[in-house]
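Q: Pasting in a structure now, in structure tokens, and then I'll have a few things to ask.
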């Protein structure tokens, strides 16, 4: 059977392939009870570069190690985190594909260390050759979601640009904490509406990672493959790496910097060693400040444009709300006028009915009086007729 723990010096898939013959020997000759899906075709795939971002202590470094299949990054189970600068490590999969992983310090906060954050972002892109293929936003299931993490997408859009979400995969670490609480992953997300707001813009791309060394090899291989499937999906949907243009620009600036360095070296005989060192130091500082200034200007521009966009959105929403209120008042007024008209018509109708009833009543009284008068006249006529007959007899 596969080893229950992963050797530190071998990638997951390499271990799986190494142990596959031993697994085969332990199976029945007829292969009963075995269902295997295995595709060992050495299909050429381009190198992929993955960027790990998230709060310090969420397990970014451990996740990077799981992806690479070796302890490439320093990782300790503590909230403060151990990564202090961007670092790139690589591994080659059994199919020949190269996977590059960039680990970062916490890059959520826009203040007070904006300059440090910008320096590290520049370093991220200087480490990549063809841009970034996927951004892995790492959360820990054992930690409560902080206010800083709730605004993660906003911060990342400001720092990396609004298109960052098209390249994002959400990675959840510390799966074992769910087992301790007796919850399923789906139940956890159902009770966390903030995560729904984060996952929706990312097309619900999410992977559950177990980074502990005692995790089964098969589980580690499965979670890494699930992640890489998402990476290929992102590459297919977007057609190119993220910020490849910026990476090329940084490398072009570095090339220009190296040319300047060479020019200084060629002037070696014209200046003292101290003067040469000072010139080199000044040039390095100027180059770094130039890149940093450009990056900070981009971040400030993004912040300003975001602020203006939000203000415009609020203005439009306020205008729309006022328009709705105006229309509601107009409808209410029209409704009130209609109700008043209906009430007036009903009052007139009731008054008309009352008058009609009164007229009928009066008419009935007149008819009754006429009938009485007619009966009296008839009686008088009868009496008169009788009186005449009596006179004739006499």
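Glycine too: its Cβ is placed from the backbone N, Cα and C atoms.
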Q: Among 75, 218, find me the residue Swiss-Prot lists at the same GTP site as 54, 55, 56, 57, 58, 59, 60, 61, 62, 211.
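A: Only hit among 75, 218 in Swiss-Prot's GTP site, alongside 54, 55, 56, 57, 58, 59, 60, 61, 62, 211: 75.
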Q: So which range, 95-98, 99-102, 103-106, gets flagged region 'G3' in Swiss-Prot?
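A: In Swiss-Prot, residues 103-106 carry the label region 'G3'.
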Q: Of 173-176, 177-180, 181-184, which range does Swiss-Prot call region 'G4'?
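A: In Swiss-Prot, the region 'G4' feature sits at 173-176.
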Q: Would you please say which range out of 81-85, 86-90, 111-115, 116-120 has the annotation region 'G2' in Swiss-Prot?
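A: Checked against Swiss-Prot: region 'G2' maps to 81-85.
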Q: Rounding to the nearest whole angstrom, report the longest C-alpha distance spanning 54, 55, 56, 57, 58, 59, 60, 61, 62, 75, 211, listed for GTP.
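A: Between the most distant Cα atoms of the GTP site, 17 Å.
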Q: Could you give the number of helix, strand and coil residues in the region 'G1' (54-61) as assigned by DSSP?
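A: Going through the region 'G1' (54-61) residue by residue, I get 2 helix, 1 strand, 5 coil.
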Q: Tally every other Cβ atom lying within 10 Å of the Cβ atom of residue 58 (GTP binding site).
A: 26
Q: Just to confirm my parser: what is the rounded mean pLDDT across the region 'G1' (54-61)?
A: 85
Q: Specify the secondary structure state of residue 211 (GTP binding site) as given by DSSP, simplified to three classes.
A: coil
Q: Counting by DSSP, what is the helix, strand and coil composition of the region 'G4' (173-176)?
A: 1 helix, 1 strand, 2 coil
Q: Residues with Cβ closer than 8 Å to the Cβ of residue 62 (GTP binding site), same chain and 6+ apart in sequence?
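A: Same-chain residues close to residue 62 (GTP binding site) (Cβ under 8 Å, separated by 6 or more) are 73, 75, 173, 211.
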